[in-house]
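Here is what Swiss-Prot records for this protein:
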type	residues	note
SIGNAL	1-24	signal peptide
DISULFID	Cys39-Cys96	disulfide bond
DISULFID	Cys50-Cys79	disulfide bond
DISULFID	Cys58-Cys89	disulfide bond
DISULFID	Cys77-Cys91	disulfide bond
Amino acid sequence: MKFVAIFLVTCVLFSLFPSHLSQGEESRMNINAERRPWCPSKIQMFDTNCEVDGAKQCLDLLISTWDPSVRLTRVSCICSDFPYRNMMCSCPNMICP
């Protein structure tokens, strides 16, 4: 009798486990979608001005708001100042998923 009870509990736990994993993967995908403002336009505005090395500044901002795999590819960015202390970063050779 104990064996049957243990078997049933194990079956119930294993049936709940995969559904819990799929919900976790789904929420992780939503977080990644929120962190990816760069695609498809590959342009992003920020509330600051371009520094002396604006291209590096844009790349640092890209890395902080994008997937860490960006570091594995060669990305070059262009920084352009806009009125009211805004800057536009354009990274045209960035690979979008």
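Backbone N, Cα and C define each Cβ position, glycine as well.
Taking the disulfide-bonded residues Cys50, Cys77 in turn and counting surrounding C-beta atoms within 10 angstroms, the largest count is reached at Cys77. Distances between the Cα of Cys39 (disulfide bond) and those of the disulfide-bonded residues Cys58, Cys79, Cys89 are shortest for Cys89. Minimal Cβ crowding within 10 Å, among the disulfide-bonded residues Cys39, Cys58, Cys96, is found at Cys96. Cα spacing between Cys89 (disulfide bond) and Cys79 (disulfide bond): 5 Å, rounded to the nearest whole number. When the CA atoms are compared, the disulfide-bonded residues lying within 10 A of Cys79 (disulfide bond) are Cys58, Cys91, out of the candidates Cys58, Cys91, Cys96. Following the DSSP three-state reduction, the secondary structure of Cys96 (disulfide bond) is coil. Cys50 (disulfide bond) falls outside any helix or strand according to DSSP and counts as coil.
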